[in-house]
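Record features, source Swiss-Prot:
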COMPBIAS  145-163  compositional bias 'Acidic residues'
DOMAIN    10-88  domain 'RRM'
MOD_RES   S155  phosphoserine
MOD_RES   S210  phosphoserine
MOD_RES   S216  phosphoserine
REGION    120-217  region 'Disordered'
ZN_FING   105-122  zinc finger
Amino acid sequence: MSGGLAPSKSTVYVSNLPFSLTNNDLYRIFSKYGKVVKVTIMKDKDTRKSKGVAFILFLDKDSAQNCTRAINNKQLFGRVIKASIAIDNGRAAEFIRRRNYFDKSKCYECGESGHLSYACPKNMLGEREPPKKKEKKKKKKAPEPEEEIEEVEESEDEGEDPALDSLSQAIAFQQAKIEEEQKKWKPSSGVPSTSDDSRRPRIKKSTYFSDEEELSD
């Protein structure tokens, strides 16, 4: 099969089912005809009791067709059931969507705590082995080339003057530049300057010893 699941062609509509059958019961009954992807029993919205109608989504349309031919008009627990390929009502995408039930403290079937639906006492056909959880594969990050790693390490020293090979030289060099800039932009009197000089950028002492000063507004 190509193109993924096709609910409009691989979903079997089954009616006149015994009301006592659970999702797990139907899963076990219909799995003999092919890979069952999802079982949906129609229930009363108030009482949550089965209406005797269910949709069985198979992995492929051949399994669905084999199922309808095998069980249509056949007896199941004393009831003659009807089976046919379900008619698409435009809600196929919603039907196929996986639903996650995060509350694992209660059984989905009966609402009682202490067990999950796979082991619910209401399952007429007994317990069903839970499906194996798929392991999430962690995407491995491609290792960066060694050349790039070396460049990153070297980039930490970008902007420094090669002549400043010691910390004391760097401090002296930086301080001299700061004093020189302060003299250049220092106003001649104590009166605040209203000229364009007041709007010129001032040099702020950098905490990082390099030949790149930080400008303050």
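Each residue, glycine too, has its Cβ placed from N, Cα and C.
From a predicted model like this one, the values you see are computed outputs, not experimental measurements.
Model confidence over the zinc finger (105-122) is summarised by a mean pLDDT of 62.
Under DSSP, residues within the domain 'RRM' (10-88) fall into helix, strand and coil as 23 helix, 32 strand, 24 coil.
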